[in-house]
Amino acid sequence: MVSIRPDEISAILKQQISDYDKSVSVSNVGTVLQIGDGIARVYGLEQVMAGELVEFEDGTEGIALNLEDDNVGAVLMGEGVGIQEGSTVKATGKIASVPVSDEMLGRVVTPLGQPMDGKGDIPSTESRLIESIAPGIIKRKSVHEPLQTGITSIDSMIPIGRGQRELIIGDRQTGKTAIAIDTIINQKGEDVVCVYVAVGQKAASVANVVEVLREKGALDYTVIVAASASDAAALQYLAPYTGAAIAESFMYKGKATLVIYDDLTKQAQAYRQMSLLLRRPPGREAYPGDVFYCHSRLLERAAKLSDAMGGGSMTALPIIETQAGDVSAYIPTNVISITDGQIFLSSDLFNSGLRPAINVGISVSRVGGAAQTKAIKKIAGTLKLELAQFDELAAFSQFASDLDEATQKQLGRGKRLRELLKQPQFAPLNLAEQVAIVYAGVKGLIDEVPEDQVTQFSRELRDYLKTNKPEYITKVQTEKVLNEDAETILKAAINEVKSSMLASA
């Protein structure tokens, strides 16, 4: 028989007592009452905050949106296939946040900041709340620096400044995304961080955008946040806020940033879906009453910060899709009233071969004029008016049989200006090239060039300036003004190209 030694027993007891962990873990736990359509009704969770992240038994995350008398309505940020009635739900005590770092550049992430491009984890030491308060009045500065899109018709007539919110609006398949992608490509070498947010798009479309940016060398300074059409409504709703948070992290470090929301119509639809399933009362077009606030709090985060705040900027280009050109629908009118101007794309112009299909008459930039470079401002002042008069005359001339010489001349110039403003996709132009093209059209220097050769003239003029007159390009690009010397070089170049074209015709 083994003898029991009292000293051993006392040593074991002392060891057990010293190892005893008397800390109490308190967690806010609830039970799933009902689950379906991406919405969970949860009983319990008395201490939960509005917008707090909750974790379900199977690891799915959700957001507590509806705090009611006897239950909490939570939206799921995932499939939630393992969640059943009676499953436990735990409040995390955290609000949705996204990791931010310079390592995110060139990556494709989910609205929760997780990588989805198969290139491994993104190292990050800090995170930022997805929803944060927009900078106040004192922290801001008026928009005064240009953000060149590389698209002649925009930079000359609807200029965009750093810190501005400019809406791109139009029917489906009118080239809205193309304008946004061109703008990103044109930021190469400008030290601008770009964030492209894809909401509710086909995964193939997003992959195509990534590929184009990679080919053009623009992915190195771009972050892509993707919530495709197959993702949960909550993720589609969160994606734009995630994009804004990532852009803000760079803005507060003094950098210039550009964020594109493609598109906010899909985000509004995802929010409507969530709100209706949460049984919130519907308003106009079945959208909830706070859908305006949903967009205004997002777009107000775009700003040009004061020098005391580091002088960074966040330029927002939200995209809205209209139905049959109806800009008076609920979401389009909301976003038009929030933004600092809009670029309206017309399907009629697109189908007639004018691309980018910008309707200059109803497109406007309310604050960009102060940011426009002097070189283009000096020569493009009359361009918008001339095109508007041309549209009016073109409509009138359809009914008139014989037109006087002055009217014919004006019509001819209008047609040539239209041709000059045509531009292929993914081929943005620099400032010097834009100045040359607009100058040739506005000053009437190409009135003798046949209409069908205007595009060729534009291409040949740009090539001629690059190869034979690089001093003109350097002068305009560095000084940002068209002085007498540069104007003389440009005029001579235009006449040279024109005479060689007419001689060979």
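Placement of Cβ uses the backbone N, Cα and C atoms for every residue, glycine included.
Residues annotated as ATP binding site in Swiss-Prot: G170, D171, R172, Q173, T174, G175, K176, T177. The site 'Required for activity' annotation in Swiss-Prot covers S363.
Recorded features from Swiss-Prot, shown on the structure.
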| residue | record | Cβ within 10 Å |
| --- | --- | --- |
| G170 | ATP binding site | 27 |
| D171 | ATP binding site | 18 |
| R172 | ATP binding site | 11 |
| Q173 | ATP binding site | 12 |
| T174 | ATP binding site | 27 |
| G175 | ATP binding site | 20 |
| K176 | ATP binding site | 25 |
| T177 | ATP binding site | 22 |
| S363 | site 'Required for activity' | 22 |
Using DSSP, would you call R172 (ATP binding site) helix, strand or coil?
coil
Rounded to a whole number, how many Å is the Cα of T177 (ATP binding site) away from the Cα of S363 (site 'Required for activity')?
17
Please report how many Å separate the Cα atom of K176 (ATP binding site) from that of S363 (site 'Required for activity'), as a whole number.
14
Nearest to S363 (site 'Required for activity') by Cα distance: which of the binding-site residues G170, D171, Q173, T174 is it?
G170
DSSP on S363 (site 'Required for activity'), three-state: which is it?
coil
CB-centroid shell, 8 A cutoff, ATP site G170, D171, R172, Q173, T174, G175, K176, T177, site residues removed:
E321, L345, S347, F350, A357
